[in-house]
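Some notes on the structure that comes next.
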Amino acid sequence: MAPNRNSLRRRSARRKKTCGQKFLDFLRALAAFIFSNVGIVCLIVGYTILGAFLFAAIEKSQTTDDGHRIAEVRQTMLEKLWSTTMQFNTFTEKSWRDNVTEEIIKFQNQVVSAVQAGNYDEVGAVRNRWTFSASFLYSLTVITTIGYGNITPTTEWGKFATIVYAIGGMPIFLLFLSNIGTLLAKSCKWTYAKCVLCKGCEPERLRQFQVDKAIQRNMQRNTPSPQGDADEEEGDGASSTPSTLDLQTVTVPISICLAIMVLYVCGGAMLFAKWENWELLDGAYFCFISLSTIGFGDLVPGAMIRSREGVVELEFIFCSTYLLLGMALIAMCFNLMQEEVVHKLKSCWGTVKRILRIAP
């Protein structure tokens, strides 16, 4: 009877949780979700969207002010030209040319400054470059450290927000690379293992994989006898099947990793070349510069914003997805290549040790 009472008390104690305990349980569940693969993707997308709204709101007022200022500069230039023409009682071409040239040079410098700021598009047109799409891409290039530089904040609040935003965003992006890169690596290993160790693959490739696996296990166990090594290889050769495969022992060849990266860059190059009217080489150049985080900024998506306004939103969304997935894919490929190199070195070292033991 007593044990039943004790169990009932424990159950009631579990049911009666305080508000603080419930809040802590909620925080634990929230942290577990945030640091999961789905959670980290949602976190980085949400953080980038937040940055897009933030920078668009901060820089929009500055763009409007620049537009009014450019209109004033143009009007002032016209007035100065008329004043210069009227001030000469005796009209001489040389004097007029000298004065007008001086005013035109001043006007040129002001227009160049406006163009470099990114708010001046053509004669009589002032555009807002801080649209949601452009702000989203800017936020993404900040936390990924690509930093194209084609669009930059001009206000003090915008510069301060960029510093704070980068400090908070870069650790989130590194966590994203770690989680998604690990997930992609496991998927790639599983796919490669299924293709290599399938029933229809060549016996020689299967045998080579089994021998490599036996060497790795032998090195881990530090088996002293060469005869024991041979027996273990035979045992592993009989027991290694796709159903009992351990992904920790699978290594993907460097050639496959390089092929994945080349195909990803070429696929992006063809799409960007078509959307932006670039040459195929320019598209490949942009993809490589972006995925390697060099980010010169001489080529950026969205250059056709005036002529194909409805497509630009799709381009920015695709570009953002391409960059996020591509950088995780590049990280995955480098990790897999590192594992392959380490595995080959260990295999060579194991072979050398066995030869030295066999030698008289």
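Note that the numbers count up from 1, one per residue, in the order the chain is shown.
The backbone N, Cα and C atoms fix where each Cβ goes, and this holds for glycine too.
Taken from TrEMBL as is:
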DOMAIN    127-185  domain 'Potassium channel'
DOMAIN    260-341  domain 'Potassium channel'
REGION    220-244  region 'Disordered'
TRANSMEM  30-58  transmembrane segment
TRANSMEM  130-151  transmembrane segment
TRANSMEM  163-184  transmembrane segment
TRANSMEM  250-271  transmembrane segment
TRANSMEM  283-304  transmembrane segment
TRANSMEM  316-337  transmembrane segment
Region pair the transmembrane segment (163-184) / the transmembrane segment (283-304), three or more CB pairs under 8 Å: no
Cβ-Cβ under 8 Å with the transmembrane segment (250-271): same-chain residues at least 6 beyond its ends: 188-190, 192-193, 212, 280-281, 283-284, 286-288, 291, 318, 322, 326, 329-330, 333-334, 336-337, 339-341, 343
Residues of the domain 'Potassium channel' (260-341) by DSSP state, where helix covers H, G and I: 62 helix, 0 strand, 20 coil
Residue counts (helix, strand, coil, in that order) that DSSP gives for the domain 'Potassium channel' (127-185): 42 helix, 0 strand, 17 coil
Stretch-averaged pLDDT - the domain 'Potassium channel' (127-185): 90
Sequence-remote partners of the transmembrane segment (316-337) [C-beta within less than 8 Å, at least six residues beyond its ends]: 44, 48, 133-134, 136-137, 140, 144, 146, 176-177, 180-181, 184-185, 188-189, 251-252, 254, 257-258, 260-261, 264, 268, 271-272, 287, 290-293, 301-302
Beyond the flanks of the transmembrane segment (283-304) by 6 or more, those residues with Cβ under 8 Å of it: 133-134, 137, 141, 144-150, 264-266, 268-273, 275-277, 311-312, 315-316, 319, 322-323, 326-327, 330
